[in-house]
Amino acid sequence: MPKEYVDEYEPLLVRGIKDERRFKLPNKSLLLAVFAACVGGTFQYGYNISVINAPTKYVQNFINQTWMQRYQTNISQGGLTLLWSTIVSMFTLGGLIGTSVGGTLSVKLGRRGTLLANNAFSLTAALLMGLSSTAGSFELLIIGRLLSGMNAGIALCVQPLYLGEIAPTALRGAMGMGTSVFITGGILTGQVMGLKEILGKEEYWPILLSTTCIPAFLQLLTLPWFPESPRYLLIDKGDEESCKKALRQLHGLADSGDALEDIEKEKNNLVGFQAKKPWELFSDRSLRWQLLTIILLNIAQQLNGINAIYFYADYVFGQSGIPMDKIPYATVGTGACECITALTCGMLIEYLGRKVLIMGGYVLMSICCVFFTLTLTFQDFSPVFPYLSMACVFAFILSFGLGPGGVTNILTTELFTQNTRPAAFMIAGSVNWLSFFLISMVFPFIVIGLQQYCFLVFLAVCSLVVTYIFFVVPETKNKTFVEIQNEFQSLKTNKFCSSDGAGTILLSTSI
């Protein structure tokens, strides 16, 4: 065939190969590896967020009884609130600590090794919380929640790394959605376990809080059967044979060659580079836009109003005529709604792309903020408005799960290469946990001051994020990590070119 025909049709052939790969189902071993990583990882994060809500009154009674036994007097209402707030907030502090060490551990112990070692925190936490009632010590609950938070922080940092690195390029988004699916699955499971028909009675609350050991044991039994991240084995450890073996197990013999070639290209691109520390990313001008993107997206994930929606949910359900003793079942419905949406996002992400989903999610959330503000304002004008408010609650949760809830972690994986990715997750996780802490501290005052108009603040946040993503963030679907990195460099090059003709040369020499 003449060379000019080859040159003309080669891009079409390459595109056709990519399209063919896009529709190929993942290897069964890869799906099982995702389950093994997630069940003891982000599933526990979601579970520990929701499971603490059901026994609130019972734990407060336990604190009061313990205080009476020790000091022969009832604890003051302010003291009780302080101790309960401490038990709940320790989870956030632990998450921040876990995130700050997760990236370092993932480099030293490996992705899989860190996930396995992380279960020590979960098992210790389950033991302490389970024994707290018998020992008559609410201090054990505080320590247990701290350790649960550390487990969640490490998992949120390391698990997306592992999923992003074991998945083939064409399935990276779908496999990465495992993080979001298992978080929502954990939230839903915690809500169900807290129902009175299961472990929601007063005498069972220590058992309920100690059930966090179950997913830890499941991971310890299943994850050792699956390999370490192939990228970590080849790029970080230089172990080509183990990398090939891991790829054959995860991708199958037919597809392992292409995956190995992709990893080798990234390795060659990083020759001479060491794994970077978080503070080194801030001084690297070539990563400025990627770093700004993950910081903004992780702040927005906590400040977009999803916490406010859950805060208002019980009030809205009550106004809609649902009896108080039935509201926990309606709350389970919100958890199921978010879980189903995460699964839907996992099926759509490789077809629609990351940018469309996350922008679409924020646009729908903006619309919901407007309607929710209106329905809450006119709540007493007509019996129809409480039902419209309830529809807004579910619509907002669906919108969050469709985009921001799942895509944010995937973008953190995809916008960085092997030597910067662990540090990027440490920064993203720290920002996320700090934002979580900030919103939990400030939100009650926002609600008191603005009431239902607080959703106008969240409307502004969602609108600003949509604008930023539209102009700055490229589509990463079906692109290798190196291609995504080069696209960001092209973005910088264009900006330099438009302001200074010498900018391109400066940029290329700095890289």
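Backbone N, Cα and C define each Cβ position, glycine as well.
Features reported for this protein in TrEMBL:
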TRANSMEM  30-47  transmembrane segment
DOMAIN    34-477  domain 'Major facilitator superfamily (MFS) profile'
TRANSMEM  82-103  transmembrane segment
TRANSMEM  115-136  transmembrane segment
TRANSMEM  142-162  transmembrane segment
TRANSMEM  174-192  transmembrane segment
TRANSMEM  204-226  transmembrane segment
TRANSMEM  291-312  transmembrane segment
TRANSMEM  327-349  transmembrane segment
TRANSMEM  356-378  transmembrane segment
TRANSMEM  384-411  transmembrane segment
TRANSMEM  423-447  transmembrane segment
TRANSMEM  453-473  transmembrane segment
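Here the domain 'Major facilitator superfamily (MFS) profile' (34-477) has a mean pLDDT of 90 out of 100. Nonlocal intrachain contacts for the transmembrane segment (142-162), taken as residues 6+ away from its ends with a CB within less than 8 angstroms of a stretch CB, comprise 37-38, 40-42, 44-45, 48, 52, 86-88, 90-103, 105-106, 111-112, 114-115, 118-119, 121-122, 124-126, 128-129, 132, 176, 179, 209, 212, 229, 409-410, 412-413, 421-422, 425-426, 429, 432-433. Long-range contacts of the transmembrane segment (356-378) within its own chain (CB-CB distance under 8 A, at least 6 residues past either end) are made by residues 297, 300, 304-305, 309, 312, 345, 348-349, 385-386, 388-389, 392-393, 395-396, 398-408, 411, 451-453, 455-456, 458-459, 462-463, 465-466, 469-470, 475. Beyond the transmembrane segment (204-226), the same-chain residues lying 6 or more positions past its ends with a Cβ under 8 Å from any Cβ of the stretch are 29, 32-33, 35-37, 39-41, 43-44, 47-48, 51-52, 54-55, 58-59, 62, 112, 115-116, 119, 122-123, 125-127, 129-134, 141, 144, 148, 186, 193-194, 249-250. Long-range contacts of the transmembrane segment (453-473) within the same chain, counting only residues at least 6 positions beyond its ends with a Cβ under 8 Å from a Cβ of the stretch, are 289, 292-293, 296-297, 300, 303-305, 308, 355, 358-359, 362-363, 365-366, 369-370, 372-373, 376, 411, 446-447, 491. Ranking 82-103, 174-192, 291-312, 423-447 by CB pairs under 8 A with the transmembrane segment (327-349) puts 174-192 at the top.
Long-range contacts of the transmembrane segment (82-103) within its own chain (CB-CB distance under 8 A, at least 6 residues past either end) are made by residues 45, 48-49, 52, 56, 59-60, 63, 75, 114, 121, 138, 141-143, 145-158, 278, 422-423, 425-426, 429-430, 432-434, 436-437, 440.
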